[in-house]
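Undergrad: If you look up TrEMBL, you'll see 137-164 marked as coiled coil. Here TrEMBL flags 9-25 as compositional bias 'Basic and acidic residues'. What TrEMBL records for 1-25 is region 'Disordered'.
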Amino acid sequence: MAPIKKKILSKEEIAKKKSEQPKRRLETIKNDPVLLAAYKEKERLKYLKKKEKGQRKCVKDMTPREHRKARKNWVAYSSDYRKKQKIRDNTDKYVDQNTPPSSEDEIIPEAPLLNNERGAEARRRSIVQWRKRNSMLKRKDLLIENLKKKLVNEQQRNRRLKHRMIQKKQALTPESKIVEMANDPNQKAELINKRYLAILFKGKF
């Protein structure tokens, strides 16, 4: 009897097979309570070890930069998950609609699919509402911060003007009047005329 030739798999098929192996292993673990408990304990110890090394942090322990990075990663992961979930739902829907039942008595139930679609739509609406609410709060905080800065600047400006007015009133002497008139272009000509008349008047006597 001739030996059976082993089917040669392509690179895509090998990669797909490798990616499906962990999923099948995880499904097997989930179906066995003992294996599931051991798996959860192993994951918990792994998390604690990473937390001890500083590779995992709680939100309250993160710096603002780390929090922004974690939030950005979460948004990317969530978007990727929703896209995959949508493709999976559309594929299941297409298969259900285009696969005839094996007999007249066999009817493919559509209720779970509708429930999945409703759940996905509800999650999507919840995320959209959360983003809108978060964006509104950020804009509101930014507006309040800008108004506070403008108020502080206006108060400082008023204090400076008040201080200058007080100094001007205190230092109002004949010499300061002359300096003020000399600095004012509208009063400079009048000051020269007065000075010239004073010199002439002094020369006569």
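Every residue gets a Cβ built from N, Cα and C, even glycine.
These numbers come from a predicted model, not from an experiment.
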Undergrad: Cβ under 8 Å, sequence separation of at least 6 from the ends of the coiled coil (137-164): give me the contacting residues as numbers and ranges.
TA: none
Undergrad: What is the average pLDDT across the coiled coil (137-164)?
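TA: That stretch averages a pLDDT of 84.
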Undergrad: By DSSP, how many residues in the compositional bias 'Basic and acidic residues' (9-25) are helix, how many strand, and how many coil?
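TA: Taking the compositional bias 'Basic and acidic residues' (9-25) as a whole: 15 helix, 0 strand, 2 coil.
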